[in-house]
Amino acid sequence: MAKGFYISKPVGILAILLGVAAVCTIIALSVVYSQEKNRSTESSTAASTAAPTGPTTTVATTLDQSKPWNVYRLPKTLIPDSYNVTLRPYLTPNNKGLYVFTGTNIVRFTCKESTNIVIIHSKRLNYTSHQGHMVALSGVGGFHPQPVIVRTELVELTEYLVVHLQEPLVAGRQYEMNSEFQGELADDLAGFYRSEYMENGVKKVLATTHMQATEARKSFPCFDEPAMKATFNITIIHPNNLVALSNMLPRGPSVPFGEDPTWKVTEFETTPIMSTYLLAYIVSEFSYVETRAPSGVLIRIWARPSAINQGHGDYALKVTGPILDFFSQHYDTPYPLNKSDQIALPDFNAGAMENWGLVTYRESALLYDRQSSSSGNQERVVTVIAHELAHQWFGNLVTLEWWNDLWLNEGFASYVEYLGADFAEPTWNLKDLMVLNDVYRVMAVDALASSHPLSTPASEINTPAQISEVFDSISYSKGASVLRMLSNFLTEDLFKMGIASYLHTYKYGNTIYLNLWEHLQQVVDKQPTIKLPDTVSAIMDRWILQMGFPVITVDTQTGTISQQHFLLDPQSVVTRPSQFNYLWIVPISSVRSGSPQAHYWLPGVEKAQNDLFKTTANDWVLLNLNVTGYYLVNYDNENWKKIQTQLQTDLSVIPVINRAQVIHDAFNLASAQKVPVTLALNNTLFLIQETEYMPWQAALSSLSYFKLMFDRSEVYGPMKRYLKKQVTPLFNHFERVTKNWTDHPQTLMDQYSEINAVSTACSYGVPECEKLAATLFAQWKKNPQNNPIHPNLRSTVYCNAIAQGGEEEWNFVWEQFLKAELVNEADKLRGALACSNQVWILNRFLSYTLDPNLIRKQDVTSTLSSISSNVVGQTLVWDFVQSNWKKLFQDYGTGSFSFSNLIQAVTRRFSTEFELQQLEQFKKNNMDTGFGSATRALEQALEKTKANLKWVKENKDVVLRWFTENS
């Protein structure tokens, strides 16, 4: 699944400051072009009830662990072999106003250990009685006696259908369970659900799926665990005018449905052996564009007919073939299927989902329009496609054994998405962006005492809610970061060879992370060049089995190098033990005054010494070249001063990525009280002559924390003046490069730098920027059919107009939002609507999030996050969340990956005793309701608030003085 959109999957690929000066208030709205990894698993809840009163009952039990149906993991007694599933979705409501689907399922399974209980997952399905029971059971091959059912029951808490038998099943024999059922085709974005959209003023309804991680059971009864692989024969009964899609191609043309000639039946080819969470089927009237890869694989891009007719699927079609071919070569394994369908859905909770052969996307992650999509939108499309196609091998062909190793699936895809996208767009330098989008992004979370290791014991991940929590930035971005580090010190060639060996060995099977280490070790052992200080397993286990990461400290006077577990709050208490005592085996690259040095390994000890890190009076050293290692670097004060001098005299001597590193690391070290905050601020002085994107983005991301802490205090005035001074040369640079904004930069990085220049200049009151934005918006408002604003600058211009305007400007943008046909444009407009500095307008906007006809369910949490990023809106959203917590939790709390992002967003300004007390009271008040997938985020918010409170008390005066002196 794609990184959340992360909206998260903020989280993001491109963070753009959208804040703009208003008459009394400067509002900066962060808009994140990101691959949000929203999730859609749900946990069930049930009260205890009495024992069953009849042969077939629906019962919710207490968790008496001696009963196998009260254990969340399936017993190993039965293993599925195949499913024959027929489903019929009704896309008009019944006489009760409900949308439903009906279905039948025949699951064949093998008995591995004799048992008199059949346990299979089932969620919110109503069964048609078979001789008084919910299912029928028979032996395969006609052996006797046939199984006799005593009773069947549904266990709501563990989401099981339980079949109690008179006699045990026989080990080694196959059985078939037959069921007929009905479920609701709800609009909850989970399992088999419905999506709605408007086409030419007419409401259209489609049926689609999202199974990961525990929602296949909501569509039909199944053994819903990733290691319970089987083959699937899917048949869909659907209206004549609609098309049905699934993981495989149809066996042949659709045939009339005998009971009703207005319906037809589409039967699909048998799937390879696969996991339930990768199943997909869709019924819609969508159109497509198609091509064939050189290998012969059929490639189709599906979307609303109007989107296809306008060419919005063409870019995805263009890059899919090259990316598939790249991964076939990269993995040394052919694409396993004969077709690759990708479909853009109007309602989709995740950024995308890697269903085998039928990948589902948010529209913003698949559709691109040259006229109205920004460079960030285009980058998102190619990287999300690469992420999902990477999964077709790593995740689908070879699958994790259990969700505790989710990082192996998602971390790998989050790393190689940059490789696949770079192959499709080789001039964009996309691989460099991983440092900003993943490494630095996840360090902010991994530096908390409440973080968690990449891999945890399987016994700690059981319930659907626990599984949902694993879908976080640690699994995605830290997983990607440490795999990138591993690939770097092994070399990419050895890494690829190990991956290919791993895939060849375990194809159609399941693995744990140790299997990957074994195959990488095998390729290391077969060559003489790369020498490691220990085995791959010994090195990497320290990075995945203990949380956090080290800060490497260098004393250039003595050449001493040391490591320490880095914590943003040095007073926080780490309660999670580590078998490695929070020491890592660290690969260290370095340069001396611009010249590369030999590679060095810091073994799993606290301190070592090497002359590589010892300097003379005129030398400086810089560690972690291009940030290939997952760690921070600190230096003695003298070396820091030399680096600062180098940056202010000739910054080109230090690579671009490391110019970003110097800024990022220093601000984090200052937060942890390892360097003075003035040192970190001094590292931004060179920006007055910097035009590259990455250093500026690192600075803006770091200084955004200062803004959050101080935009309600007297510090903000001098801070605004300083940033205005620093960004003005960058704004003037792009004014010249673009010939007074009549042209646009050629390279992607320069385009991103231009976006930062304009958004930051407008945010901090550069008059020329404000005039530019106002002029462009006025031209558009005068002629709405002809938008003169370049897509790259629209978010900034829209936000500026809303912040400086009133109800008229807000209503105009709202009208354009309602009319927007391309979701990328709608997202820009929706984000800008949060920029208002008028409380009543923001409260009205908040109320719209409760109406799915105004704000789609998939967009609610991101809309709330956008409003909370506005200094005026933050308190409003916090009050809104507290007042509406039960409804928000009911709608999004049990599965949505973005739900945890909402908690993070609404609390990120918290830095006072009162706000800490409010947060603690909020936790206390809602213990009965619960926090679902935001449980860990709430604990992290409490930890961050305490750290913020302490940091502001200690640094406010010195920061005020520094900005005053340097502005």
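In case you wondered, yes, glycine gets a Cβ from its N, Cα and C as well.
Here the topological domain 'Cytoplasmic' (1-8) has a mean pLDDT of 52 out of 100. For 1-8, the entry in Swiss-Prot reads topological domain 'Cytoplasmic'.
Look at Swiss-Prot and you will find 41-61 tagged as region 'Disordered'.
According to Swiss-Prot, the feature region 'Metalloprotease' maps to 67-967.
Shown in sequence order, Arg108, Phe109, Thr110, Cys111, Leu137, Ser138, Gly139, Val140, Pro147, Leu169 are the residues of the chain, 6+ apart in sequence, with a C-beta less than 8 angstroms from the C-beta of Tyr175 (sulfotyrosine). For Tyr175 (among others), the entry in Swiss-Prot reads sulfotyrosine.
For Gly351, Ala352, Met353, Glu354, Asn355, the entry in Swiss-Prot reads substrate binding site. If you draw a 10 Å sphere around the CB of Glu354 (substrate binding site), it holds 27 other CB atoms from the protein chains shown.
Residues within less than 8 Å, Cβ to Cβ, of Tyr418 (sulfotyrosine) and separated from it by at least 6 positions along the same chain comprise Thr383, Ala386, Leu430, Lys431, Leu433, Met434. The sulfotyrosine annotation in Swiss-Prot covers Tyr418 (among others), and the record cites sequence analysis as its basis.
The disulfide bond annotation in Swiss-Prot covers Cys762-Cys769 (among others), and the record cites similarity to another entry as its basis. The Cβ of Cys769 (disulfide bond) lies under 8 Å from the Cβ of Phe731, Val758, Ala761, Cys762, each on the same chain and at least six residues away in sequence.
According to Swiss-Prot, the feature disulfide bond maps to Cys799-Cys835 (among others). Counting every protein chain shown, the Cβ of Cys835 (disulfide bond) has 34 other Cβ atoms within 10 Å.
Of all Cβ atoms in the protein chains displayed, 26 besides its own lie within 10 Å of the Cβ of Met353 (substrate binding site). Annotation note: Met353 (substrate binding site) sits in a strand segment as assigned by DSSP. Of the chain residues outside the substrate site list Gly351, Ala352, Met353, Glu354, Asn355, Met1, Ala2, Gln212, Ala350, Val359, Thr360, Tyr361, Glu388, His391 have their Cβ within 8 Å of the site's Cβ mean position. By the criterion of other Cβ atoms within 10 Å of the residue's own Cβ, the least surrounded of the recorded positions Ala352, Cys762, Cys799 is Ala352. Within 10 Å of the C-beta of Asn355 (substrate binding site) we count 29 further C-beta atoms, all protein chains included. Counting every protein chain shown, 32 other Cβ atoms lie within 10 Å of the Cβ of Gly351 (substrate binding site).
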